[in-house]
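Quick look at what TrEMBL annotates:
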BINDING   A:89, A:94, A:130, A:134  [2Fe-2S] cluster binding site
């Protein structure tokens, strides 16, 4: 396995030395797969295939098993994520208040399907179960900011605002 | 072992402590429905079907597969409550099952279907929701239909635990969970078909079957696999006289239902259109079909002519590693008593000439393993010069079982890095430098003595020449050995400690050692190591260390047992001994002329090349591509006037023959094979040869003998085996009918009769290393080995195997490749002083620098025509480069 640079499916160069560092740190620890994956994701932002292959080789765990673990936990991502994560609440209260429409509108505005990242890698659109802010339903979170009492015709403005605020840089 | 008494459905049963209720019931013939539990696999507890009512101190409901038995426990399998629960679990499982039973190859042997049927589940309370997942057909052998999957996890466990691959696992979670590979890449595994064998539904499908028969239409007959020397029991499924698929049975055979790709999917050659259909006689350089009578008449005339003109000595015979013991026994009897020649040999003996005598010696001295099962019972496994994964895959699964069950330690030593996936706690991988095997073993012995890892006092008293040991090892230093072998002193010390730790130790000596020019001394050194370990072990009646010699083919052991070698009569009695000769003369009712047993220092090909042979009779072998010096064989054939080959296909060797006789495959004949653990197992005749006018080898020999004026009155292989039983001492006590039920272990009967109080003897050798002369023109050494996917002629005519592994690669070291600017997939030429081949390069870290590795089991790649011996100096260049 070449340890310097490998290209991911997305065609960008990945610095595998960061992966090596993570593997090295947990060299003699049993059951260290999850901390390694966390460390790699913290460094690279997601878990690219070459990184998983390298971890597989070093830990002698098959790649299928590692991907199995990574896809089990919501915290791991196998595709690159955007700078900003939009979490649309689809909990009971929000659902009743029309969360589906909000999500559809966002998807249309950003030209990205649910769970995916925009082409310019700025936004990742995700559905979540409940944000615990039912009184503000329908609600969404952009990074750490909560936007409540949304409507399908106003939600585009929120995005516009974020973009305009230069916050996206 | 402590046992537990419990009551299951009013039946009192006794089982070992620690057993779960499911297994306990299974062993006692009580049925509990279940999909995820499998006796071979670790407990999963996912299907929730095996719920039973359990009364221990109080009554509760438990999952039978996950609950251990306890004393006085009362289990009820079918209470109304349990059945109601079970029915609703099944309803959920079926809610999104495809229910495509009419077009599913599994229907009829599907557990899900059976349980649905027995619970009378119809109609369901739920509206069915179909998953409509696309069927995965990304490889030529296995198909995965996720719409039929119940997520029982059996395939995932089988892949991980038995095959050690872990190619598949559960992906995602919750309702989205599915079984698949990382990133949904095409399946990249050893294709053992273990997933297929354990799947309780029709999710995994055998693509070599594909709608060519339904399970209830098949006649299932067990027989022995015709590929490697492990000797797995396979079950051939036939319909209207043709083999449709191969399955396995968890409860029969030494393999416990585990197979490799060759065993499970390499059966298509049986019905290959390329098979020889009639006898062929060469006239004016071209083959012409002939009748059996004409062909045999012609051969016998020509052979008689050679005997009259030059004597029987001018005829050579090559027996087969693939034919049965009966075929080979009759072959050597025919050669010796009818053709009157002792110039007979087989490829296994030609490739490793010192193995037979040492192997037999180790059996007599009680060092040899008495069965392959000893791998499973070992606490330490030492694979020396063998590539278990590629050569004997199912023996590899036995090793993994030892690792899983006995927590066995694993030591693998080889020239190259060998892939073997296991989860041993103590897992040592050593690569010793080229030719330094003996110093390596000596270093281990030296460490064992120096560190007093064994009871030296006891060893001294039970080894008669123990005093020679310090003398021989006085000047030997571990430090120097470490430099020679390239293995650190610390690693060698750890290895020695692991070898001598308590419990059984099984040493597998591989082909890389056996075929090495220094094999004689290496094996002796290895035997010394075993003697030291055994001599010092407490007298439990079972030897601590046992040695297992690798053999290549299904009957490589048997062909030697049957004496198709110049040195031995059947059963390893030496031909040079006059009393053995007289004994055989008496048994066979013949008189040998004195000169035929004269010791020849040359092997059969060298004799032929010198023009000493006028005729050659080859049974089921293709030496032109399987002997490490193809050119020598070619020259030998050219010098020999008349060649007869009997085989299933028109091999490279057969093409050079004057007469070719078609024989039958393993599925069409009876007989016995002896595996590398010296276990004799019986074949069953499953089908009649169809579309080919072929005969079993033994029958051809009988008819041949008749034409030569001798009468062999064998009606079947049973008659031949009963003659073997009386003539061959090591096979005495074998019974053809009994073999149907139970294998015959000849090594244990021989070593069982050994005098236990006899002292051990060391056989001390010099710790020399093999020097390969550096050659300026040919700077690389060509090393060959085996392949998992191919072996012999049969795999080449099995489409499934060829499509999985169509290409033979030249594996070379990354540094070497970088120097020559060679990348993965580049066409490279490997050229020796004799010949050259062009192959695709595979750049790996597996082979050390200066060594290029090519598998020799791709028969259509004439790598052995390039070779000039075991290690051939070669040069490598890019194809577009120098030409």
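Glycine residues also receive a Cβ, built from the backbone N, Cα and C atoms like all the rest.
Sequence features, as recorded in TrEMBL, placed on the structure.
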residue: A:89; record: [2Fe-2S] cluster binding site; DSSP (3 states): strand
residue: A:94; record: [2Fe-2S] cluster binding site; DSSP (3 states): helix
residue: A:130; record: [2Fe-2S] cluster binding site; DSSP (3 states): coil
Cβ-based neighbourhood (8 Å from the centroid) of the [2Fe-2S] cluster site, residues A:89, A:94, A:130, A:134 excluded: A:90, A:91, A:92, A:93, A:95, A:99, A:129, A:131, A:132, A:133, A:137, A:138, A:139
Cβ packing number for residue A:94 ([2Fe-2S] cluster binding site), 10 Å threshold: 27
Site with most surrounding Cβ atoms, counting all protein chains shown within 10 Å, from the binding-site residues A:89, A:130, A:134: A:89
